[in-house]
Amino acid sequence: MQPIRVVLAGATGKVGQVLARALVQEPGFALTGAIARQGGGRNLAELVPLGGRPGPTVHGSLEEFLAAGGEADVLVDFSVAEAGRRTIPAAIEASIAPVVGTTGFQPGETETWAAMCRKRGLGGAFIANYAVGIMLLMRFAEEAHRFFPDVEIIEMHHKTKLDAPSGTALRTKARLERGRGDLAAAEVPVHSVRLPGLVAHQEVIFGGLGQTLTIRHDAPSREAYVPGVLMTCRWVLREKRVAFDLEEVAFPRT
């Protein structure tokens, strides 16, 4: 069986480095390309510790990667929104399925790319958070909201995170607001914290008569995203469908 060929955008970023190490070690995967703003022409292993394994050549853009004869089945994009706006549609046009963890896009952008995927018969994923624990937090919170109408979200991240509120918090908020059925939920407040020493943390706090309930997820290591990304890469190639939530991948509806 041929390995899944991955080109990784944002390969030298904080999450990208973790994913690069995972992809060069994971059976059934081959990291065939790396895209980064700096280090073009160098081997990724010179820029990112890959555990002694060789890496692909770094390119400044997906177009450069393809022009150099690069081939990939999946684009994994954990870059920034500005770069993603160029890389993601280029990948789809090249029949490379996008698995996107980059956030900060304007409303409607991911829907446009999803439509492009469907038109070309490609799978794709535009998911704000690939941590399996966050997926379960949303699932549990949606269930709890049936019994606790009063709820607020607190999301806490490292000081350099660009978007606030986080894409994950906004996704959680949207699920809670639409998940109450006929109970007409009010808008769910979201509070953002950006401090040194934090990595990625989210709490959903419910209040009721004489009690509170807190559902919390902590990701002190960016390795938390690896299992979800690998699972989604397999899914987009197998199912050739588009997902906006990791739950759609982990718990597919027939």
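Yeah, the Cβs are placed from backbone N, Cα and C, and that goes for glycine too.
Per Swiss-Prot, NAD(+) binding site is recorded for GLY10, ALA11, THR12, GLY13, LYS14, VAL15, GLY101, THR102, THR103, and the stated evidence type is sequence analysis. Residues or ranges marked as active site, proton donor/acceptor by Swiss-Prot on the basis of sequence analysis: HIS157. Look at Swiss-Prot and you will find HIS158, GLY167, THR168 tagged as (S)-2,3,4,5-tetrahydrodipicolinate binding site. What Swiss-Prot records for LYS161 is active site, proton donor, and it gives sequence analysis as the kind of evidence.
Known features from Swiss-Prot, placed on the structure.
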| residue | record | Cβ contacts under 8 Å, 6 or more apart |
| --- | --- | --- |
| GLY10 | NAD(+) binding site | GLY16, ILE35, ALA36, ASP77, PHE78, SER79, VAL80, ALA83, THR102 |
| THR12 | NAD(+) binding site | ALA34, ALA36, ARG37, GLN38, GLY39, LEU44, LEU47, VAL48, VAL58 |
| LYS14 | NAD(+) binding site | ARG222 |
| GLY101 | NAD(+) binding site | VAL15, VAL76, ASP77, PHE78, ILE127, ALA128, ASN129, TYR130, TYR225, VAL229 |
| THR103 | NAD(+) binding site | ALA81, ALA128, ASP163, SER166, GLY167 |
| HIS157 | active site, proton donor/acceptor | ALA164, SER166, SER192, VAL193, ARG194, LEU198, VAL199, ALA200, HIS201 |
| HIS158 | (S)-2,3,4,5-tetrahydrodipicolinate binding site | ARG194, LEU195, PRO196, GLY197, LEU198, VAL199, ALA200 |
| LYS161 | active site, proton donor | ARG194 |
| THR168 | (S)-2,3,4,5-tetrahydrodipicolinate binding site | ALA128, ASN129, ILE134, GLU155, GLN202 |
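Other residues of the chain with a Cβ within 8 Å of the Cβ centroid of HIS158, GLY167, THR168, the (S)-2,3,4,5-tetrahydrodipicolinate site, are THR103, ALA128, ASN129, GLU155, HIS157, LYS161, ASP163, SER166, ALA169, ALA200. The DSSP secondary structure for GLY167 ((S)-2,3,4,5-tetrahydrodipicolinate binding site) is helix.
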